[in-house]
Protein chains: 4
Amino acid sequence: MSKTIKKIAVLTSGGDSPGMNAAIRAVVRTCAYHNIECVGIYRGYEGLMEGDFKQMNARSVRGIINKGGTILKSARSKEFRTKEGRLQAHKMLVEENVDALVAIGGDGTFTGAMIFSQEFDFPVMGIPGTIDNDIVGTSHTLGFDTALNTVVDAIDKIRDTASSHNRLFFIEVMGRDVGHIALNVGIAGGAEEILIPEEDLGLDRLVESLNKSRKSGKSSSIVVVAEGDKIGKNIFELKDYVDENMEGYDVRVSVLGHMQRGGPPSCFDRVLASRMGVKAVESLMEGKTSYMVGLINGKMELTPLEKAIKGKTKINLELLRVSDIMST
Amino acid sequence: MSKTIKKIAVLTSGGDSPGMNAAIRAVVRTCAYHNIECVGIYRGYEGLMEGDFKQMNARSVRGIINKGGTILKSARSKEFRTKEGRLQAHKMLVEENVDALVAIGGDGTFTGAMIFSQEFDFPVMGIPGTIDNDIVGTSHTLGFDTALNTVVDAIDKIRDTASSHNRLFFIEVMGRDVGHIALNVGIAGGAEEILIPEEDLGLDRLVESLNKSRKSGKSSSIVVVAEGDKIGKNIFELKDYVDENMEGYDVRVSVLGHMQRGGPPSCFDRVLASRMGVKAVESLMEGKTSYMVGLINGKMELTPLEKAIKGKTKINLELLRVSDIMST
Amino acid sequence: MSKTIKKIAVLTSGGDSPGMNAAIRAVVRTCAYHNIECVGIYRGYEGLMEGDFKQMNARSVRGIINKGGTILKSARSKEFRTKEGRLQAHKMLVEENVDALVAIGGDGTFTGAMIFSQEFDFPVMGIPGTIDNDIVGTSHTLGFDTALNTVVDAIDKIRDTASSHNRLFFIEVMGRDVGHIALNVGIAGGAEEILIPEEDLGLDRLVESLNKSRKSGKSSSIVVVAEGDKIGKNIFELKDYVDENMEGYDVRVSVLGHMQRGGPPSCFDRVLASRMGVKAVESLMEGKTSYMVGLINGKMELTPLEKAIKGKTKINLELLRVSDIMST
Amino acid sequence: MSKTIKKIAVLTSGGDSPGMNAAIRAVVRTCAYHNIECVGIYRGYEGLMEGDFKQMNARSVRGIINKGGTILKSARSKEFRTKEGRLQAHKMLVEENVDALVAIGGDGTFTGAMIFSQEFDFPVMGIPGTIDNDIVGTSHTLGFDTALNTVVDAIDKIRDTASSHNRLFFIEVMGRDVGHIALNVGIAGGAEEILIPEEDLGLDRLVESLNKSRKSGKSSSIVVVAEGDKIGKNIFELKDYVDENMEGYDVRVSVLGHMQRGGPPSCFDRVLASRMGVKAVESLMEGKTSYMVGLINGKMELTPLEKAIKGKTKINLELLRVSDIMST
């Protein structure tokens, strides 16, 4: 039988995302509800190895559900990838009498958590926090929905000026390996084309599409480009290509950048974070370990961390088709 | 075999919701994509009976994806509930050579559409547009997600002033028969209690809960109240009750009202509307009729209008429990 | 010659407004810049009499410039209106070695500050923080600009649904004694009529105006009503009056309420708060007392508290005329 | 005596800014109020020379007060800088029986308007529309206030992620020749330093300031950089410089770009636009010509176009000092 959990630690690691604070709050309050002690760990695995801990209770997380970022701060740690680093981390947790760990982050975070759990037979539970939505085992990662709204709001603003000047805008959004953000905001922002890492549209098709759009009477256009698109040119080269190869276009580039990571989380992300925090703590109480909590078909479900890490999310092909039809 | 669809009409009816314009756009553009003619009908069934039609093409719906409300306007019609009214409506559609109808709205809209379809063997397809999320056959109705964000933003603002003054606020949100909005925004807004139509919390429990919250050191509190809650007092009577029966509270009431229905749709609602519009038109092309398109487990699915109308959505009990734990 | 200021206390009192936190931050940081000690007083004059003080330095006010409400909390105090209360307050300040006081609030706050200053020859400086913009000696009070944007955003949302349904909305905004909010948001929200405390439009003119608007082809209308309007009917009675006396209107009421007080301050209010905080502290350092800092013709100026309290701001008649012309 | 004005034309030219639509609406409605005919000219001086006109009445400008961009579209015209171009433009206006022109835009727009007015003794009135606030004769240009709020909102989001990761961000905002945007958003966004075109801070001072800020315990920092800053390095070179010359910084760059130009105008900009439109039309009716309307000490005033063009706005030195003190 698994050991009774009396004290849980929680950390955030990797890139921050809106909803991480709501998830910390949920972990802390679920602990309080079940009379389990809770400690926050600052700066992810770095702070874990340094013993940078703080006792937390229901009041410690007051007023943070609507704040972007993470009050526990985040970091990437090289040292935790070494055996020595993890030994040090384990020592700190043992000294603090911590029985289990909740790690909020993306696949790098989960890889560290899984190895740590295996090496020391230490209970861990993962909560997927990243705006990229690139984790298998949940239809939505924490922060994805908020980032979509942030980007769409920016595209709406850019479209105001694009249509006033009959311009073509290439807008770069986050997504090095996956096009989930680009695909959704492209549809929602009324983009003519969407360039994603999962498929190479090809320059010819892009040019053709823009020409068709213009002939149909559109005077301005938006092309959404994911960071990791496969068209073989960066966004500034794309602009130059159109400038040189197409007539009559006034082309501009906008790289949205880090503002996509911040801001108050959407209602969806706050509710999701609250549900995930409850599920993570209660799963640890039930003796479960090395799982990630996630949203599958509207319900909280567990997925083995190993599967979450190795899997690769797929683009919803229906959305690609919808995008094509909408840019008619 | 079903008749080939050459011309489709689209209307919005009942209470408006953010995303209706995006759905109109999607219907019109999907028609254009498939070389089907499309007519917009103004003011729902009223305009249908009057023949208040407008030819629409891909350009007619330019620049509306981010607009709240409905460019086709909406209305409630008593006359369409009569046989005479529907006969008149059918005559108008036949004169205009319309082969099928897409009706965007809630259960009232669908009831009319279903009867009409049965009486005249006329193909209809429903798109669920209402902020209340009270339609069976879709996890999300159009506008629900946007309304949640609008309400949460308002609650965040009210909390600023509540916590500056150590006040208790009763905040009324929409939801006459269902508590979906109240339950989600209650969790996301960090409410102490949530009063919904689906269960009667009871005044005693409310008082107990507020007392507990105060003893735990909270100086301000939010209670979210759905319009149709079953506690037996309206929101102003609730305030009076607390004023008279509890000490030391400075109680205020805020009724959020119609601003919950407006505003630019969220990314989620725009994408959902686009998917629903495509599915509605293509289902009619396949000869389907008297269905509602909906989102089930992340996919576009059809549900018979009859089932959509008669069914009753259920409160997610997990959310009720999460709310309890979070207000620890 | 005035005594050298070595320690300054700051408090917020009366109704809270966005920008109060930015002003607290500015007072604290200006003190730090000049090597003056600073203490924050919780809950206004209540906390002052109780000695509810907290030492503050530049780091204490980190991350609050964009937060609505006031981290020092606010309250209204009856006891401070008595001689005994103020004696107690003075005792506390003397014990804490405080040399001067910055009071952020409205006319009630300033009245208390002025009397206190006179009674004990104690240096005080006022910063006008209220959304109502009803203080003489500054073109803008802290929070006014933010509240205008909050209200206009709500009106934009209501207009979405108003124009979808061809409805008439009466929208109540804050302003018991002055119509500054109503007048500005009425123009910015495209209202047909604006009812303010400063003038009685008269029911007949309202009816006439609505009739004219309808005849001109407008299908929906917004009437902005300040809380303290002089038309002789409250907003629900207004609705009933139109329901009974005018044909073909579908009338709704929306009372915006306390959300008008919260939210992140606008850029304008943050800059204004920063300027006011600097000016308040540096004016005390120069030996000035019993003044309010304010924005006059774009510059920071001092106005005697007595004048600020007794004066009455006037409605900009040009705006009334602009409103008339715009609703043509 | 000046000729009676029976028909007025209105155009937008140069870079678009939020509030231009509200100004167009105000011009059109003021004309309607005074029974003056009004025509809109598409695409600025380009459309003027081509005779791309559209009759406008009070209803033509319905629902645009809250829309960014310009429904009349904008363009920059080389041809209008030639005598031939202006002759053609004059011919078009005469053919259309237009008696006066309202030109909404920046200094390029005003230069064209002034020359045109002089050459043909044609009445013109300018309305300053640009987010840069770089026009003499008005404390605020149309769109400046909205752009400030847009930028501050983006900085708030970036700060969420900056403080979660202890990062230094260089954020580039618009302002090629003037630092008004940078200075205001720098204060409102809590920036450590602000680099503007009007003064060269110098790299040494920047480095010193960042070091001081870090020593004081700040873990993250924001530096706001105007496009036209004089530090001698572009924003990416600045990042490289810090990477190479300072230890322990994780530096990122964000270029906010064109989203700064769009979005719904703030309440301030809508009211300002309404006032300016009324003033412009009524000044033409009074026989005035070659003036710009502007806001001076809270009142609508006229400034000769020549002065508006030749003047150079000055940075408010008080704001620079406030910025210094706030970053203590």
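Glycine is treated like the rest: Cβ placed from N, Cα and C.
Counting only same-chain residues six or more apart in sequence, the Cβ atoms lying under 8 angstroms from the Cβ of A:Asp132 (active site, proton acceptor) belong to A:Gly106, A:Thr141, A:Phe144, A:Met174, A:Gly175, A:Arg176, A:Asp177, A:Val178, A:His180, A:Ile181. Taken from TrEMBL, the feature active site, proton acceptor covers A:Asp132.
Cβ contacts within 10 Å of A:Gly15 (ATP binding site), excluding its own Cβ and spanning all protein chains shown: 23. Taken from TrEMBL, the feature ATP binding site applies to A:Gly15, A:Arg76, A:Ser77, A:Gly106, A:Asp107, A:Gly108, A:Thr109.
Among the features that TrEMBL reports, ADP binding site is placed at A:Arg25, A:Ala26, A:Val27, A:Val28, A:Arg29, A:Arg159, A:Gly190, A:Ala191, A:Glu192, A:Lys218, A:Ser219, A:Ser220. For A:Val27 (ADP binding site), the Cβ neighbour count at a 10 Å cut-off comes to 30, with all displayed protein chains included. DSSP gives A:Val27 (ADP binding site) a helix state.
The Cβ neighbour count for A:Asp107 (ATP binding site), using a 10 Å radius over every protein chain in view, is 21. Residues or ranges marked as Mg(2+) binding site by TrEMBL: A:Asp107.
In three-state terms derived from DSSP, A:Met174 (substrate binding site) belongs to neither a helical nor a strand segment and is classed as coil. Residues annotated as substrate binding site in TrEMBL: A:Thr130, A:Ile131, A:Asp132, A:Arg167, A:Met174, A:Gly175, A:Arg176, A:Glu227, A:Arg252, A:His258, A:Met259, A:Gln260, A:Arg261.
The domain 'Phosphofructokinase' (A:7-283) scores a mean pLDDT of 95 in the predicted structure. According to TrEMBL, the feature domain 'Phosphofructokinase' maps to A:7-283.
The highest number of surrounding Cβ atoms within 10 Å, among the binding-site residues A:Ser77, A:Thr109, A:Thr130, A:Ser219, is found at A:Thr109. In this structure, the CA atom of A:Arg252 (substrate binding site) is 14 Å away from the CA atom of A:Ser219 (ADP binding site). Residue density at A:Arg29 (ADP binding site): 27 other Cβ atoms are found within 10 A of its Cβ, drawing on all protein chains shown. Across the structure, A:Thr130 (substrate binding site) and A:Ser219 (ADP binding site) are spaced 36 Å apart at their Cα atoms. The record assigns A:Thr130, A:Ile131, A:Asp132, A:Arg167, A:Met174, A:Gly175, A:Arg176, A:Glu227, A:Arg252, A:His258, A:Met259, A:Gln260, A:Arg261 to the substrate binding site, and the maximum Cα to Cα distance across that set is 33 Å.
Spread of the ADP binding residues is 53 Å (greatest Cα-Cα distance among A:Arg25, A:Ala26, A:Val27, A:Val28, A:Arg29, A:Arg159, A:Gly190, A:Ala191, A:Glu192, A:Lys218, A:Ser219, A:Ser220).
A:Glu192 (ADP binding site) and A:Arg76 (ATP binding site) are 37 Å apart (CA-CA, integer value). Contacting chain B by the Cβ rule (under 8 Å between Cβ atoms), the binding-site residues A:Gly15, A:Arg29, A:Arg76, A:Thr109, A:Gly190, A:Arg252 reduce to A:Arg29, A:Gly190. Those same-chain residues not listed among A:Gly15, A:Arg76, A:Ser77, A:Gly106, A:Asp107, A:Gly108, A:Thr109 yet with C-beta within 8 angstroms of the centroid of the ATP site C-beta atoms are A:Ser13, A:Gly14, A:Gly44, A:Gly105, A:Thr111, A:Gly112. Annotation note: A:Gly190 (ADP binding site) sits in a coil segment as assigned by DSSP. Following the DSSP three-state reduction, the secondary structure of A:Arg261 (substrate binding site) is helix. Most other Cβ atoms within 10 A: among the binding-site residues A:Arg25, A:Gly106, A:Glu192, that distinction falls to A:Arg25.
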